[in-house]
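Below is one structure, written out as structure tokens; the observations come after it.
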Amino acid sequence: MSGAPHIPVLLAEVRGVLRLGEGPGVVVDGTFGAGGYSRALLAADPDLRVIAIDRDPTAVAAGQELAAAAGGRLRLVQGRFGDLDAIVRREGVEAVDGVVLDIGVSSMQLDRAERGFSFRADGPLDMRMEGAGTSAADLVNGAPEAELADIIYHFGEERRSRAVARAILEARRRAPIATTGALAEIVAGVVRAEPGSGIHPATRTFQALRIAVNDELGELNRALHAAERILRPGGRLAVVTFHSLEDRIVKQFFSARSGRAVSASRHLPMAERPVPRSFTLVTKGPVGPSEAEAAANPRARSAKLRAGERTDAPAPEPLAALAALAALPPRERGGRR
């Protein structure tokens, strides 16, 4: 899909949730990417200001043309959305009217082979959104077998995680695994493609490594709490997710913050008592794409939108249960052989 335009998913639904056009305000686009949401937000309301954040310096550089054209209505900042409250305050804004988060990897990252996110075109095994720190190649070539199995099982939900980890170790003993194509071939040797699914055997393993390299679930956890701290009463938080690990964290956050106890489960070892409601639910469950959008934009098919409206209750302490969801739980180690 290289060269295809980026289409923001569930755009009409996000615009409706954020109630654009109801007067001047400030909205945070915590995941700028190719600028799809920011561009749509600016076009929908001439009185709106947008503070857009992206940890990827390439995305920030590419967005400067849009920022210049917005005439001061768009402020584009390089940073992590987990720090969005601090970033917003550094911009001289104490509270905002809306926050939108589109979680996960962007199409502009997937489409560039040199970024090393995708198995669809061979490139260096990198996956770093910021271009610094531990790369996927570092992890694949340096992590112990058990750690690789844990990462692939929990963050990729790959049932064959032990077999994949074992195959990676056998391959790296012969030579370092340096490219996305090499890793995809190793995984395809032990994971069978599901007939008729159209899903590449390496999909779950690549997802797991990307999440681990960029601490994506930890960032999501921090971003939800940061949004809670920076939204004014009546402000709204809209979060679009693309797989069950992300959606589970968002669902538990809104459940707990809307007055429901976070119940114990195999993912949440301890229940947490309800706290004063900091959010009311805007969406009573996940909102998915229309049939027309799913047909026009394949990326939208797995998208889910959840949203909440901030109350005037003080922001409580961060939920320990969400931090547990974002980490590797010891009892989920290994997966099946």
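Keep in mind that glycine also has a Cβ here, set from the backbone N, Cα and C atoms.
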Which range of 255-285, 286-316 is region 'Disordered', per Swiss-Prot:
286-316
Quick check: in three-state DSSP terms, what is Phe81 (S-adenosyl-L-methionine binding site)?
helix
Between Tyr37, Phe81, which of the binding-site residues has its C-beta surrounded by the fewest other C-beta atoms within 10 Å?
Phe81
What residues elsewhere in the chain lie close to the compositional bias 'Low complexity' (289-300), defined as a C-beta under 8 angstroms and at least 6 residues from its ends?
7, 9-10, 107, 242
Report the same-chain neighbours of Asp54 (S-adenosyl-L-methionine binding site): residues 6+ apart in sequence with Cβ closer than 8 Å to its Cβ, ordered by sequence.
Thr31, Phe32, Gly33, Val60, Gly63, Leu76, Gln78, Gly79
